[in-house]
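Sequence annotations record features per position, and here TrEMBL assigns transmembrane segment to 12-33, 45-66, 86-119, 131-152, 194-219, 231-251. The feature domain 'Rhodopsin' is assigned by TrEMBL to 30-293.
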Amino acid sequence: IFQLVMMDPGITAFVTGIALSTFSTVIVAFRLYCRYIRMHTIHLFDYFIIGALLVTWGNTVLNYYQVTFGAGVHFPDLITPKRPQVLHAIFGTLITWYIYRMSYPVALCLVKFSLLFFYRTLATSCNFRRIVTITIAFVGIYTASMIIAGAFQCRRPSDAWSITGYLAWISPPTKLTHGKATHPARQKCFDPTYLWAAFAGVNLFTDIVVLVLPIPMLLSLRLPLTKRLGLVSIFSLGFLAIVASSLRVWILTLWAESVASQQKYGTDLLLWGQVEINSGIVSASIPFLKQFFTGRRSTTRGSDTVAIERPTPRPLKPFCPTLHQDKKLDVTQCSMGRPETEPGEMGWRPFITVPANLSSKEGSKNDSVIQIGIAK
């Protein structure tokens, strides 16, 4: 099995997708356990990461069919398709890639939304919150643009997976008209290569922005330097996603050269796409796993765990002696209620602020205020 995986790049891409998606599922499960079970809370950015994980599994299923339909079909078979199996493979490849080029941006967008909305909860300044909001809007707009462009690549969307239309684009000239070679009638579709290259570049740029955005805020926290650097290192795990995105941009340039190169580098695009998305999911979930190791109300020091407990309050003495409406209140006889103390233990009566003539109607015009703080 290992030799088969190493010899077939399509199987390598699919197995890698299964392994990475499974690992991401475990990490997200631990995250939800810490958030919902330990902390009893869940927010919008948690739902975003769940959506990204579901779309990633959908992409893994698509990768399987992309690899299956593309296996055993070579470029000469596409030029002169004679077997029904080749036509079936062409149709399957077209429809799966049509879905993939819309689901892939959705997964990336959900991962970035999860991080950015989490940053909003950490914002301590209006400027940082404003920058995060602008980044969210930018990511949402360019992702929606890519989905619309992918869905309407052709004037009629169904032409995007039409076998006849695809063969018309890759077939050689068939006849001469006025001494010039002409191609078969082609559907009205635009070449999305440049659009995908632009999307890959913008995606790489936003990956860098999302990675760098919280670092100044983390470094400005009033924590020891070692803890601040530890937080920065945790949030910097997304650097792997930037590396995968950079490699994917380079492979995309090779993939776009010709139809033959698309067959050659198609599996590499799928492979590094899985690495990019899953590394983003993992890096967005790691900061929430601390509760799994420390607990809800505990602090870890080395190998010892110190629980944080609240002291039991002592009973309070009666507030004041019994009063009658026909008697004036003697302030010196009142006690606002204080914890009982042991014999010989210093204690303080609470600080009292009451009018001097509480029940007297004949008090002076400028009633004074008595403030009492008596040590026992």
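Glycine too: its Cβ is placed from the backbone N, Cα and C atoms.
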Beyond the flanks of the transmembrane segment (12-33) by 6 or more, those residues with Cβ under 8 Å of it: 5-6, 42, 46, 49-50, 53, 56-57, 59-60, 63-64, 67, 267-268, 270-271, 274-275, 278, 281-282, 285-286, 288-289, 292
Closest-packing stretch to the transmembrane segment (45-66), where packing means Cβ pairs under 8 Å, from 86-119, 131-152, 194-219: 86-119
